[in-house]
Amino acid sequence: MELRFPRFSQGLAQDPTTRRIWFGIATAHDFESHDDITEERLYQNIFASHFGQLAIIFLWTSGNLFHVAWQGNFESWIQDPLHVRPIAHAIWDPHFGQPAVEAFTRGGAAGPVNIAYSGVYQWWYTIGLRTNEDLYTGALFLLFLSTLSLIGGWLHLQPKWKPSLSWFKNAESRLNHHLSGLFGVSSLAWTGHLVHVAIPGSSRGEYVRWNNFLDVLPYPQGLGPLLTGQWNLYAQNPDSSNHLFGTTQGAGTAILTLLGGFHPQTQSLWLTDIAHHHLAIAFIFLIAGHMYRTNFGIGHSIKDLLEAHTPPGGRLGRGHKGLYDTINNSIHFQLGLALASLGVITSLVAQHMYSLPAYAFIAQDFTTQAALYTHHQYIAGFIMTGAFAHGAIFFIRDYNPEQNEDNVLARMLDHKEAIISHLSWASLFLGFHTLGPYVHNDVMLAFGTPEKQILIEPIFAQWIQSAHGKTTYGFDILLSSTNGPTFNAGRNIWLPGWLNAVNENSNSLFLTIGPGDFLVHHAIALGLHTTTLILVKGALDARGSKLMPDKKDFGYSFPCDGPGRGGTCDISAWDAFYLAVFWMLNTIGWVTFYWHWKHITLWQGNVSQFNESSTYLMGWLRDYLWLNSSQLINGYNPFGMNSLSVWAWMFLFGHLVWATGFMFLISWRGYWQELIETLAWAHERTPLANLIRWRDKPVALSVVQARLVGLAHFSVGYIFTYAAFLIASTSGKFG
C-alpha cells in the first residue's frame with residue numbers, strides 16, 4: 001500500500017475523508033501521539049527541532065540586517081537620527097501608479113519604501129555599527145550561525161550523535177550550563193562588547209572596527225585598576241551632561257558607572273550604566289551556574305533541596321516531596337514553567353523599553369515606542385496563555401497522584417474549588433466596581449452634569465511614586481522628602497541622575513496619574529483576573545470535575561461526550577484555553593489603548609485631554625478611537641492617496657479577517673457538512689468540473705478545529721486592525 005500523509009499515524013493515513021489532512025496537520029507536532037514513539041525519541045526530536053528554531057531566528061535577523069544594508073538609509077540616518085526616517089526595505093509593487101510611488105518615496109530614497117518602526121536603527125547605532133559594510137558583515141555572520149544551527153540539528157538526528165535519555169534528564173548539569181553559559185557568559189560577552197566597542201566607538205566617537213579593535217583602549221589605565229583592586233576608578237570621570245553622543249565633546253573616560261537617569265541628548269540610559277548592569281548580571285549568573293551538584297561534588301542536589309522543604313507545623317502536608325521527579329519527567333510541566341517565566345519577562349520588556357529606554361534617540365521615535373510596547377505585550381499574552389495550556393496537558397498526560405501524595409501539587413488540586421471561587425469573586429467584584437463608575441460617569445456627561453462624576457484619586461499608587469522620588473503630589477516621603485536621610489544618602493551613594501529623571505516631564509518614568517488612570521487600571525485588573533480564572537480553572541479541572549469526574553480519559557481537547565451527557569460540551573481543558581485567549585486579547589486591548597492614548601497626549605502636550613476624557617466610556621470611544629482613526633480612514637480620499645494608504649487598507653483588511661473568524665465561531669459543523677455535501681453533489685454533476693475527482697471524501701472540520709480556525713482569524717484580524725490603527729495614528733501625528 002502506498003504511504004499517505006501523515007506517515008506518523010497509520011490510523012489517520014487510512015482515514016477515507018479530508019479529516020486525514022486536517023488532523024494530520026493538527027497533530028504533526030504532537031510527537032507524543034505518534035506511532036512508535038519512545039520517550040527517548042521524543043526528547044531527541046524536540047532537541048533537534050530547537051536547532052531548526054535557532055536557524056530560523058538567525059536567518060530572520062540576518063534578513064533584517066541585509067535588507068537595511070541593501071535598501072535602507074542607515075548611513076544617512078546616523079547623521080541626523082531625529083529627523084531622517086529610517087527605511088526598513090524597498091517596496092516593489094507592479095500595481096503602483098504615480099501617486100502611490102510619490103506617496104511612499106520618503107526618507108531620502110529613490111523609490112517607494114517601508115519605514116522601520118522596530119527600533120533596529122537605534123539599536124545598531126547604539127552598539128557601535130556605523131556603515132552598511134558593518135550591517136552586511138553582521139548579516140553574513142548570522143547566516144553562518146543559521147547554517148551551523150541547521151547542521152547541528154541534522155547531526156543530532158544521526159544515530160551516533162543522538163543524546164541519550166539520561167543526558168536529557170540531567171537537570172543539574174543543564175541548569176548549571178544554562179545559568180553560567182547562556183546567561184553568565186553571554187552577559188559578560190555583552191559587557192565586553194559595550195566596553196570595548198559601544199562606549200568608545202559609538203558613544204565617544206572612536207569608531208571601533210576589526211582592524212583597530214585591539215588598539216583602542218576602552219580605559220586609559222587599562223586593566224590596572226582591576227588588578228590593583230581600585231575598581232572605583234572605572235566609575236570616575238563619566239560623560240558630562242553636555243556630552244554630544246557619537247563625539248568626544250563632553251565625553252569622559254569612565255566605563256562602569258552608577259549615574260542613573262538619562263543622557264540629556266539621547267534621552268536613553270547611560271551606556272556606562274548599562275555596561276555596569278550587565279557585568280553585575282554576569283557575575284551573579286556565573287556564580288549561580290555553580291550552584292547545583294553534578295559529578296564534581298560541589299553545590300546542591302535539587303532533589304535534596306525539594307525533599308528538605310517540609311513546611312513548619314505540617315500544615316501544608318508533605319511540601320515539595322515528589323516534585324523533582326514529577327517535573328523532570330514531564331516535558332509539559334517544564335514547558336509550562338518556561339513559558340510562564342518568558343511571558344512575564346516579555347511583558348516586563350514592554351514596560352521597560354519605554355520607561356527606561358536603552359537605545360540612543362529611540363525615546364523620541366514615538367511610533368517605534370508605541371509599536372514595540374504593543375508588540376511585546378501581545379507576545380507576552382500568547383506566551384502566558386500557552387503556559388497554562390501546557391500546565392493542563394501536564395495534569396492530563398503526566399500527573400501521577402501516587403508520586404505526589406499530599407504535596408503542594410496534590411493540595412492545589414484538593415482545594416481547587418476554593419481557588420476558583422475566590423478568583424471568580426475577585427473578577428466579579430472588579431467587573432461591577434469598574435463598569436459601575438464608567439457607566440455612571442457616562443450618564444453624568446450625557447446629562448450635562450460632569451461635576452457629578454465619581455472620580456477617585458489613586459492615592460496609594462501616588463504614594464508609591466512619591467517614595468521613589470516623584471515630588472509632584474507633595475507627599476514628602478522617602479526619596480521625595482528633600483530633608484530626609486533617605487534622600488541625602490541616595491544623592492551621595494547611588495544614581496544621582498535618577499531623581500532628576502523621575503521629576504522631568506520629558507520621559508515616561510512614573511507618569512503623573514489621576515482618576516482616569518485609576519479606573520483603567522482596575523479595568524485591566526478585571527481582564528487579568530478573568531483571564532487567569534479561566535486558565536486556572538481549565539488546568540485545575542483538566543483531570544476531572546464534579547460534573548465530569550472521568551474527564552482525563554477524554555484527553556486535552558474533546559467537544560462533548562455525546563448527547564447522553566449533555567453538560568459535557570465546552571469543558572475540555574482546550575476549551576478553557578480557547579475562551580481565555582479572547583479575554584487575553586481583550587485585556588491587552590485595554591492595556592495598549594491606555595498606554596497609547598496617555599502617551600499621545602503626553603507627546604502632544606495636551607495631557608488634560610486624557611485626564612478629562614478617560615473617566616467615562618464615551619471619552620474612550622470618541623476621543624481616543626474615533627478621533628485617532630480619522631487619519632487612518634483618510635488613507636484614501638477624493639484627492640488621491642498618501643503614505644497612510646497602506647495602513648488604511650490593512651485596517652479594513654484586519655476587520656475583514658476578524659469578522660471571518662465569527663463564521664467559524666458561530667455556525668458549526670452540521671451547517672458546513674450540509675453545505676459541503678450540496679457543493680460536492682453540484683460538482684459531480686457539472687460538465688468539465690466533474691473530470692476532477694478527489695481521493696478523500698470532503699467533510700466539515702470538527703467542532704474543536706473550527707474553533708481553532710475561528711480563534712486564529714479573530715486573533716490575527718484583531719492584531720492587524722490595531723497595528724494599523726496604532727502605526728497610522730502615531731506616525732500621522734509625529735512622522
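Placement of Cβ uses the backbone N, Cα and C atoms for every residue, glycine included.
Per Swiss-Prot, these features apply:
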- 46-69: transmembrane segment (TRANSMEM)
- 135-158: transmembrane segment (TRANSMEM)
- 175-199: transmembrane segment (TRANSMEM)
- 274-292: transmembrane segment (TRANSMEM)
- 331-354: transmembrane segment (TRANSMEM)
- 370-396: transmembrane segment (TRANSMEM)
- 418-440: transmembrane segment (TRANSMEM)
- 518-536: transmembrane segment (TRANSMEM)
- Cys560, Cys569: [4Fe-4S] cluster binding site (BINDING)
- 576-597: transmembrane segment (TRANSMEM)
- 644-666: transmembrane segment (TRANSMEM)
- His655: chlorophyll a B1 binding site (BINDING)
- Met663, Tyr671: chlorophyll a B3 binding site (BINDING)
- Trp672: phylloquinone binding site (BINDING)
- 708-728: transmembrane segment (TRANSMEM)
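Known features from Swiss-Prot, placed on the structure.
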residue	record	Cβ within 10 Å
Cys560	[4Fe-4S] cluster binding site	16
Cys569	[4Fe-4S] cluster binding site	15
His655	chlorophyll a B1 binding site	15
Met663	chlorophyll a B3 binding site	13
Tyr671	chlorophyll a B3 binding site	11
Trp672	phylloquinone binding site	16
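Counted as Cβ pairs under 8 Å, contacts with the transmembrane segment (370-396) are highest for 708-728 among 135-158, 175-199, 418-440, 708-728. Reduced to three states, the DSSP call for Cys560 ([4Fe-4S] cluster binding site) is coil.
Segment contact holds for the transmembrane segment (644-666) and the transmembrane segment (708-728), given three or more CB pairs below 8 angstroms at sequence separation of 6 or more. Tertiary neighbourhood of the transmembrane segment (708-728): same-chain residues 26, 117, 367, 370-371, 374, 378, 578, 581-582, 585, 589, 592, 596, 625, 628-629, 631-632, 635, 644, 647-648, 650-651, 653-665, 701, selected by CB-CB distance under 8 Å and a gap of 6+ residues from either end. Across the fold, the C-alpha of His655 (chlorophyll a B1 binding site) and the C-alpha of Met663 (chlorophyll a B3 binding site) stand 13 Å from each other. Outside the transmembrane segment (46-69) by six or more residues, the chain places 31, 87-89, 116, 118, 120-121, 132-133, 135-136, 138-140, 142-143, 145-147, 149-150, 152-154, 156-157, 163, 168, 331 with a CB less than 8 A from a CB of the stretch.
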